[in-house]
Structures are given as C-alpha cells and as structure tokens.
2 protein chains.
Amino acid sequence: MKILLAAMAVASLAAIPSATQSSFADLRETALATFEALPSATPTVSNNPITPDKIALGKALFFDPRISSSGVLSCNSCHNLATGGDDNRETSIGHGWQEGARNAPTVLNSVFNSAQFWDGRAEDLKAQAKGPIQAAAEMANTPAQVIATLKSMPQYVEWFNEAFSDEADSVTFEKLAKAIEAFEATLVTPAPFDAFLAGDDAAMTSEQKQGLALFMDKGCSSCHAGVNLGGRGYDPFGVVEKPSADVLPKNDKGRFLVTNKAEDSYVFRAAPLRNVALTAPYFHSGKIWDLKQAVAIMGRTQLGEELTEEEVGSIVAFLDSLTGKLPELAYPTLPPETATTPRPVSRNVGK
Amino acid sequence: MKILLAAMAVASLAAIPSATQSSFADLRETALATFEALPSATPTVSNNPITPDKIALGKALFFDPRISSSGVLSCNSCHNLATGGDDNRETSIGHGWQEGARNAPTVLNSVFNSAQFWDGRAEDLKAQAKGPIQAAAEMANTPAQVIATLKSMPQYVEWFNEAFSDEADSVTFEKLAKAIEAFEATLVTPAPFDAFLAGDDAAMTSEQKQGLALFMDKGCSSCHAGVNLGGRGYDPFGVVEKPSADVLPKNDKGRFLVTNKAEDSYVFRAAPLRNVALTAPYFHSGKIWDLKQAVAIMGRTQLGEELTEEEVGSIVAFLDSLTGKLPELAYPTLPPETATTPRPVSRNVGK
C-alpha cells in the first residue's frame, strides 16, 4: 500500500498537500477495501432474534448490580456506557476489591468482534455475558442465585415472559445472556470515519485523512481491519520484537490458555479500535495510558517500524475519527426486591 | 387523632366500610394538616440558584466514578437512581471494599430533608456531597485530587464555566458540591399519595387510605410528617422501649457524635418515608429487611404499641402509596480523560 501514499503525493507529513476530490475518492476506495462502516440498523446475532422487549430487558440486566452476589457490581461497572464502555483502569475492581487479570475491553460495538475477550474464548456476546457474572474476582455469583434473584421480582418475570413469549420457563441464565446480548448489540457508535466512508469528505480533518492513509500504508490495517478495525483475528504481541515485560507480563500467555497450542503463546486478539481515544489505558495489560505511546509500541513490536513523532501524531489523529456517539439511553428503573430476593453477600468472598 | 378513625367508622380493619366522599375529604384535610404534597416545580435551595446548566453538570458529576480515587465509585454507586436512590445493602461498599457504618439513605426527595445523614451532621445537600467523596471508607479522595481530575478534562471546565458563568475560578470543590445539589434537587418522585392530597380520591386504594388514617391515629405521623414524612427532626431510637442490640448496635450513638450532648445518645433522624418500599433494608443499621417487621418495631419502640398483623399490613399498604416516579434521566456521556488526568489508585487504601 506504499503506492497509496505516493499517489496522494504526501511527500511530507508536516502539511497535507492540496488534496483533490479524486484523491479523497482514492483514499475512500482503498479504505473501503479494508474497513467497513457501521451498519445503520441494529445488527443481527446468531440464534437470538433481537426485539425491543429483549433489548429493554437486557438494558435492565446490564445496569442491575443485583446480578452480582454483593449487589454492588453491574455489567456497567466495568463497561461503563458513560465513559466509553469501559472503566478506565488498568484492570477492573471486582468482588472483594479483587483486581482482574486483564484490561476491560469496551462493550461499544463489541457485537462486531468475531469473538469476545482478549483471548477470544467466548464465541459471542451471549457466551461472554455468562463469564464475569460467575468469575470469583468479578461478580462472584452463580447462575442459580442469579435466577433466584430475578424470579423473586415479579416485574422481571413479566419482562422475561414478554421478551421470550414463545418459550416455556422464560427466566433462565441462557435467556439472561441472550437479553444482555440483544441490548449490547444496540451499543453502536457512528463516528466521523463512518461518515467519511459513506462519502462525506468533510467528516474527517486533513490530518485524520492523512493518518488513515498512513495507518494503511504502514500496515496497521493488516490486523486492525474490518468494521471494528480489529477484533477479528489473533496475533502474537510482539510479531517483530517482544514488548517489555511490564507491558507484556510473563504470566499471561494469552490465547495459549484457550487453545493450549505453543504457537498461541502470548497471542491476543487484535484490539478493536473504535472509541480507542476514550478507552485508555491500553493493551491487555492496561499498562500504557498514552495513546501515542501505544501506537509507537505497536509500530515497533508488530511492524518493526520506528514511527516518527509526526507519524504517531498523524495516526492518533485518524484514531480520533473513530470516536463515535452512542444512542441516547434512558437510565432504567429496576424492579424492587421482595421478601424472597436473596440478600447481598455482606462482606468478602466466602463470607 | 383517635377522633378521625372514629369519624370514619372504621370499626374493623378487616374491611373498609363504604367510605363516603365526605370521609375522604375529612381524611385529606387531616392529612394536609400533617403532610405536604411534593411541589410541582424544582424546589429552591439556599445559596445556590438552580439552573439547567448546573443540573446537567451535577448529573455528570453524580454519575462520574472518577470522583473517587479508585475510579470505581460514583455517587450513584450507593445512591443508585435505578433502585430507589440507595444500594439495597445493610451498609455500603466503599474504597478497598470497606463497609460503611450506616445504611445509605435514599437520595430521592432528599432535598426536602431539613438536614442530611442519619445524624443530621450536614445542613444541606451541598454540605452532604463533600462527605462521601473524602471519607476513607467511601470514595477516599481529596478535594485537590478531585479538582485536578476535573480540570484535566476541558469539557468539564467548559461545563463548570457555563454553570457558574458569573464567577471566577469556576472549577472548585464548593461548586462541584453546588452542582450535585442542583441535580439532586430534581430527584423528586410524585406518588399516589400526592395525587390523593391534591384531591384525587381514586389515587389511593381503600386499604392505603385506611392505612393513612391508622398511620396518623397511632401517632407514626408525629415524627414522620411533612413533605417527606420524616427527615425533619431527631428522636431517640427507642422512645418507649430500646430495640435489640442487633437493630441498634451499641457502638453507634447517633447524633451524640455530632452534638456531644448526653440526651442525643442513640438519637437519629426520623427516616423520611417516601419510596420506603424500595429502600430495604431499614434503620440506620440496615438490619431489618422486611418493611412489616420495621413497622412493628417502630410501633413497639417509639410508640409503645403492639400493632396487630392487620394494622401493620394496613400501614405498609399506605407506605406503598409513597412509592413515586422519577423523571426520565438520560444516562450521561462523560468527558474523556486526558494525559494529565490523575490515574486511579491501583489497589487498596494507601497504595
């Protein structure tokens, strides 16, 4: 793709030359061969027809801290929709103030990832949703306790019945996961980049367009491609050069823990880059807070490129064009507990 | 007020006799001498003109976990607007998973309390807001750190400038508190009881109206009066009979800790009762989960009355008429951090 940059006659990155409409069209055409704009309708997901009732139920569940054994943590605690769909911490705080092992990825646009988690161990969002609820260091709950909690509240039972009206025994852990997936499928954030792909030359600044060209030219887009600019494949962290141990802790072997194959040691999912400007800190370790630094590390470790400060700035400008806007969400009113609602765990794990 | 019940000819509580419009009018008149309906407009507060810009800023701050040193806890964590304005726990979980000392009171309608906290140690909501942010067992932050956090985000600075346009140095801890107070003043929940007070006989069920009469007749309303049915005065927990030590832990002397006066030992604010059906568990200790049991304990300890199961049921029916409805709230999008935003404390207190 070196050709592209040459064709645009971007001799110096200091100032973009007077770009013509045809050069924008070339850039868009090349970009459309690599990336994809967000769809305008809620995407479909496998084995889970998305309906308004299911979305509404899933939203309530997403925001409900009573899904956790402590009554303190909701999906939104670590995937906060007010702050880019993540929690802006190296790793998340869970039950008993335990720290998680990896940085919480954003839930925004996650429906477009080909699998979930940094190691892709959940094939979709309904599989993913079941993980943190049961993880001892996260919500520390059990499916039975979650279902007892939900069934104790008549309003929840009614919502499940409405959302899964064709099915018997509607309040199940499986259906909870499906409802959460349905809600999460609506968390799509159209960005200036999408408007540019759709034909609006003015949606991105010159610097951003220049950054887009560079992003493709340098090869970033060989992993960070598709609708989410990542989230599709797996690569070793350190294709060319291993990152330092503080960025790539030795004890987390990534996808090896899923596949048990030697070649998957220190292999992670290429991070989806939509809203990346909102989701510091970076990498599975959450060790890098500065997006410029993250880009420089990626250049060095994955591409063997020592990017100049100017090049890094240009790519970061492009990444800013991936910051999108969530549809407005009304904060839900959740069903009240009843006498039979299991009580929150009063103190630490196991107590 | 024994007269009232007699006048209503409620000889047996098992079934309300055919109530006439005039008996409803009598009940309303007596109730209006004791209680007050919620105002239809946002209430005013002292020394803090409430404006739309201030409300919007306060809402962002209320939902922002970056106000806490961990980046995990927001005002909404313990005063969750999705679950009755509280956290449905005996006591709250704070920084480092420490448990608070007293049950978190609801933020809903709290603007109408004559003072804040169970011991009334904050004279208003702007004074209250500063407490949990700094408490070591809650948000564990400092005013300087909070202000540094807010000033690091240009969008916050702009919002403060808009909300406090007539003042220099607009991003201060004092103004943060004022903005939160302005937002909280909007958290008002009109209930069937208000509609009844306004003249709608059908807004409350017969059982609820009967419970209202009983609530006044038994003397509950001598402390639980005014717009919030409580939240105005202070009384010993155990006017007639001390509650058991599990409900009234010996080590929490209540308002004595504020005034240092012997007569304030085990004195607490009479709880405001709006939305009480949503805010289990009860009392400052949070030890009682069943509202019926809470009413029975109140009868015994404060009034020297052994309420029958029927009487308790009737009063609880009335209390259900205090469950109101919040105005719809759009979940906010918060400003993104920048390179200068202080990082969340990565682990436990002091680390």
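Each Cβ is built from the backbone N, Cα and C atoms, and glycine gets one as well.
Automatic, uncurated: that is what TrEMBL annotation is.
Here TrEMBL flags A:1-19 as signal peptide. Sequence annotations record features per position, and here TrEMBL assigns domain 'Cytochrome c' to A:53-164, A:206-323. Summarising the annotation, TrEMBL assigns heme c 1 binding site to A:CYS75, A:CYS78, A:HIS79, A:HIS95. As annotated by TrEMBL, heme c 2 binding site applies to A:CYS220, A:CYS223, A:HIS224, A:MET298. Sequence annotations record features per position, and here TrEMBL assigns region 'Disordered' to A:330-351.
Residues of the domain 'Cytochrome c' (A:53-164) grouped by DSSP class, helix first, strand second and coil last, total 53 helix, 4 strand, 55 coil. Nearest in space to A:HIS79 (heme c 1 binding site), taking C-alpha to C-alpha distance over the binding-site residues A:CYS220, A:CYS223, A:HIS224, is A:HIS224. Within 8 Å of the Cβ centroid of the heme c 2 site, not counting the listed residues A:CYS220, A:CYS223, A:HIS224, A:MET298, the chain contributes A:PHE215, A:GLY219, A:SER221, A:SER222, A:LEU229, A:GLY230, A:ALA270, A:LEU273, A:GLN302, A:LEU303.
When the binding-site residues A:CYS220, A:CYS223, A:HIS224, A:MET298 are screened for a Cα within 10 A of the Cα of A:CYS78 (heme c 1 binding site), none qualifies. Between the listed binding-site residues, namely A:CYS220, A:CYS223, the fewest other CB atoms within 10 angstroms of a CB are found at A:CYS223. For A:HIS224 (heme c 2 binding site), the Cβ neighbour count at a 10 Å cut-off comes to 25, with all displayed protein chains included. DSSP labels the residues of the domain 'Cytochrome c' (A:206-323) in these numbers: 50 helix, 10 strand, 58 coil. Once the Cα atoms of A:CYS75, A:CYS78, A:HIS79, A:HIS95, the listed binders of heme c 1, are compared pairwise, the greatest separation found is 15 Å. Mean model confidence for the domain 'Cytochrome c' (A:53-164) is a pLDDT of 96. Whole-number maximum of the Cα to Cα distances across the heme c 2-binding residues A:CYS220, A:CYS223, A:HIS224, A:MET298: 11 angstrom. Put simply, A:HIS224 is the one of the binding-site residues A:CYS220, A:CYS223, A:HIS224, A:MET298 whose Cα lies nearest to the Cα of A:CYS75 (heme c 1 binding site). In this structure the C-alpha atoms belonging to A:HIS224 (heme c 2 binding site) and A:HIS95 (heme c 1 binding site) are separated by 33 Å. Separation of the C-alpha atoms of A:MET298 (heme c 2 binding site) and A:HIS95 (heme c 1 binding site): 33 Å, rounded to the nearest whole number.
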